[in-house]
Amino acid sequence: MEDEVIRIAKKMDKMVQKKNAAGALDLLKELKNIPMTLELLQSTRIGMSVNAIRKQSTDEEVTSLAKSLIKSWKKLLDGPSTDKDSEEKKKDTAVTSQNSPEAREESSSSGNMSSRKDETNARDTYVSSFPRAPSTSDSVRLKCREMLAAALRTGDDYIAIGADEEELGSQIEEAIYQEIRNTDMKYKNRVRSRISNLKDAKNPNLRKNVLCGNIPPDLFARMTAEEMASDELKEMRKNLTKEAIREHQMAKTGGTQTDLFTCGKCKKKNCTYTQVQTRSADEPMTTFVVCNECGNRWKFC
C-alpha cells in the first residue's frame, strides 16, 4: 500500500513541476479509496503532494476533492478529541491545527521529517515546528513580511515543497524584529539582505533549505552574509584568503634583488622577486615582486 501511495505522490510531483495537472482527478480518486493511516502520511508525505496539486489546479472538482482528502487526513494528525465543543473546533480547523497540543507534539516527535506537516486548513498544509508568528499592525513590518514571502516564491520551489511562504516570511520577520526590537535602518538592512539572498539565482539551495525547514526561521534571521553565500562563492572566498596568506608569507621569506622589473607606481627598478609554484607542476611558476623603494607589490605568471 505504501508503494502505491508513493507512486501516486511521484506522479503528482511531476505534474506540479510540469505545471500540467491533467490526470490529477484520477489519482485523487485512487487515494480516496486507499485507507490512510498516520504512519502512511508521515512516510510518504502524500499530503504535501496533494496540497501542491490543489494550489496549482484550476479544476474545481480537483481542488474540491483535494481539500476533502486533506481535511480527512488532518483528523489523523489531530487524533481523537474528547472536548465537548469538538463540533465548534471542526468549524475552525485553521486555528486548532496550529494550536492543538497534538499537532505540536507530532511536529516535535518526527525527527527525520521537515517542519512541514501533512495537515491543513482550506488554505494550505504547511505547519512549521515554530509557533505561528504574531500578527502586527505596523505598516513597515507588514511590508517586510510581504517582501520576504515574495522572495520565498522565487522559482516556484515553494509549490513543489508545499510550504506556506507567507507564514514563513512572517516568522523570519518576527525573528528579526525580536532581535532588533525596532524598524530602524539596521532592521531594514537585515530584511533586505535576507531578500537578496533568497532571490539569488546562483544560490537556490539556500531558498530550498529555508522552505523545507532545514534552516529554521530564527536561524536564517541571524545568518551572516558569509553563512548565506553559495558554495561557489564560499570556495572563491576561501581561495582568495589562501592566496592572500601565501603572498604575505612570500614577502617575509625574502627573495632575489633585481633591476629587471620596473615598478608601476614609482617607476624605479629596485625590486625583489620570489618565484613560487602555485599551480600544477606543468604550468608556469608565479613571480611575486616587491618594490624596495615604495613597497608596491605585484605578481605575474
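Quick reminder: no glycine exception, Cβ is built from N, Cα and C everywhere.
Of all the Cβ atoms in the protein chains shown, 11 others lie within 10 Å of the Cβ of M1 (N-acetylmethionine). The N-acetylmethionine annotation in Swiss-Prot covers M1 and is backed by similarity to another entry.
For the domain 'TFIIS N-terminal' (3-80), the DSSP counts in helix, strand and coil order read 62 helix, 0 strand, 16 coil. Annotated domain 'TFIIS N-terminal' per Swiss-Prot: 3-80, in sequence order, evidence recorded as sequence analysis.
Swiss-Prot lists K55 with the feature ubiquitin cross-link. Counting every protein chain shown, the Cβ of K55 (ubiquitin cross-link) has 16 other Cβ atoms within 10 Å.
S57 (phosphoserine): 20 other CB atoms within 10 A of its CB, across all protein chains. Annotation comment: Swiss-Prot describes S57 (among others) as phosphoserine, evidence class similarity to another entry.
According to Swiss-Prot, the feature region 'Disordered' maps to 76-139.
Among the features that Swiss-Prot reports, compositional bias 'Basic and acidic residues' is placed at 76-93.
Positions annotated as phosphoserine by Swiss-Prot, on the basis of similarity to another entry: S81 (among others).
What Swiss-Prot lists as phosphoserine is S97 (among others).
Taken from Swiss-Prot, the feature phosphoserine applies to S100 (among others).
Within the model, the zinc finger (259-299) shows a mean pLDDT value of 85, rounded to a whole number. The zinc finger feature in Swiss-Prot is assigned to 259-299; the stated evidence is sequence analysis.
In the shown protein chains, 13 other C-beta atoms lie within 10 A of the C-beta of C294 (Zn(2+) binding site). The Zn(2+) binding site feature in Swiss-Prot is assigned to C263, C266, C291, C294; the stated evidence is sequence analysis.
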**Study point:** Cα-Cα distance linking C294 (Zn(2+) binding site) and S57 (phosphoserine), given in Å to the nearest integer
**Key:** 70
Review point. Which are the residues of the chain, C263, C266, C291, C294 excluded, whose CB is within 8 A of where the CB atoms of the Zn(2+) site average out, their centroid?
Key: G264, K265, K267, K268, N270, C271, N292, E293, G295, N296
Point to revise | Neighbour count (Cβ, 10 Å) for C266 (Zn(2+) binding site) | key: 13
